[in-house]
2 protein chains.
Amino acid sequence: MLYLVGLGLSDETDITVKGLEVVKKASRVYLEAYTSILLVDQSVLESYYGRSISIADREMVESNSDEILRNAQNEDVAFLVVGDPFGATTHTDLVIRARELSIPVRTVPNASILSGIGACGLQLYNFGQTVSMVFFTESWKPASFYDKIRENRAIGLHTLVLVDIKVKEPSLENLARGRMIYEPPRYMTVGQCAAQMLEIEDDKREGVYSRDSLAIGAARVGGSTERFVAGTLEELCSQDDALGPPLHSLVLLGRRTHELELQYVREFAVDKEKWDRIWNADYGKQQ
Amino acid sequence: MLYLVGLGLSDETDITVKGLEVVKKASRVYLEAYTSILLVDQSVLESYYGRSISIADREMVESNSDEILRNAQNEDVAFLVVGDPFGATTHTDLVIRARELSIPVRTVPNASILSGIGACGLQLYNFGQTVSMVFFTESWKPASFYDKIRENRAIGLHTLVLVDIKVKEPSLENLARGRMIYEPPRYMTVGQCAAQMLEIEDDKREGVYSRDSLAIGAARVGGSTERFVAGTLEELCSQDDALGPPLHSLVLLGRRTHELELQYVREFAVDKEKWDRIWNADYGKQQ
């Protein structure tokens, strides 16, 4: 059996009791460690589980998944995923491959940032499609998020923006020279995300959002040091110190907001007076 | 401290290790038991936790929350919620009230149907806003879901339809007579949901979807008896036996589908040939 086990969002104790039982009895344990990270190290997990863990990097999961699935017809393999196993596309691939090999699959769900973000006080019902933000380079500034945010905002919905992490990735220069030397890990901050969003708006000038659009920066959602900061996109460009260490994510508000959301969220506002002024002028309206 | 503890989707072992620690040491333990249910009884939870649990019904949470929060400035109160604590509006209310009383609040996240539904094979990134379907009566057929589905479908997105449950609700007749006599619990099925959706389309005739629109019926998501059935809305009207006991939910597909989603989902199709034919004609297009 292949078990896809969600680890939740924060530390070693966010695994479910069911998930922990699976990890303790599986023949092999893999940790998918490139689409997201926990706030604790592998060694903490290993000592907590009483098991050694193999790190499954992108290369292994995407090109060498048969090693992960080896003999899973006859023994139990646990594939651990930060958050919920179905947060990222890659794991669907793995399940399809397991099916082809007649390996039964079971999922142990857990908290995902897609639902955990509800802790910021915005109603999950009012979110549209989720978008991703990657690190821009001088020559590569993918902006497909812009059109998706437009679609969400046109119908008044909030947008969750998931930000890039780079773990064990070769630099472009090293890749070009065929050297597998990896860069140190990088985690995008809310400030970088907000700045890249404004860069694209400045470039396209289609008014999908502006410097004064309301947003919430989130850090370490679901952990004991969880932190939210609410403000305009411009304000959020300089709130990384207040938010602290990774992981970060950002929510751009839609206009179809509810009074209850305002009450909850304004507690987190950098500048409550400004927040109220913009909210009253532009938000809380059906469309 | 007020702890909002998510219980996950299925049974007593879906609680996180962190959540279980909170439950074991809290002074009082409440279970919110009207927006969703686990697949096991209260007595199973009580014996697993080694604690007695007070059931918090809608009346208590919405009108008598100060009883739940009593002395939580000085002792720990655990408020257990099926799924994730921020799935339903009610709990935001409770947190706002706790803040007014200067009670610190901590959340223990868990799997929610909003992310757990990813197990059906559709990418969570491609979902629009979530809608709710209530039991229709002869005179009351609320159809606000219809316009929201239109908005999602106009931009090619999937829609998760959460279906009604009625737990400890007085019948209209008893309510009118001022008698607090409760009806037996009722859980809407995928078949009832699909039929109500088609009833509203037949009534409005705005072509938001049709009998041939593709959808997935889901039952007991995240549990060991999890079941998915894929088919047209018309087919799903009569698949309740295949799906089995509650809880059910339904996903109406958007047209912006990915080849990987097709591969995964067709495994669940009632009639694979029909599924492929409609998919190839109407889906998989980037709008």
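Quick reminder: no glycine exception, Cβ is built from N, Cα and C everywhere.
Of the residues proposed, B:His248, B:His258, the one TrEMBL records at the same S-adenosyl-L-methionine site as B:Leu9, B:Asp84, B:Gly87, B:Ser112, B:Ile113, B:Val163, B:Val221 is B:His248.
In this structure, of the binding-site residues B:Ile113, B:Val221, the smallest number of CB atoms within 10 A of the CB marks B:Ile113. Using a 10 Å Cβ-Cβ cutoff, B:Asp84 (S-adenosyl-L-methionine binding site) registers 33 neighbours.
Remark: of the binding-site residues B:Leu9, B:Val163, the most isolated position is B:Val163 (fewest other Cβ atoms within 10 Å of its Cβ). Mapped onto three states, the DSSP output places B:Ser112 (S-adenosyl-L-methionine binding site) in coil. The secondary structure of B:Gly87 (S-adenosyl-L-methionine binding site), as reduced to three states from DSSP, is coil rather than helix or strand. Using a cut-off of under 8 A between C-beta atoms, the binding-site residues B:Leu9, B:Ser112, B:Val163, B:His248 that neighbour chain A are B:Leu9, B:Ser112.
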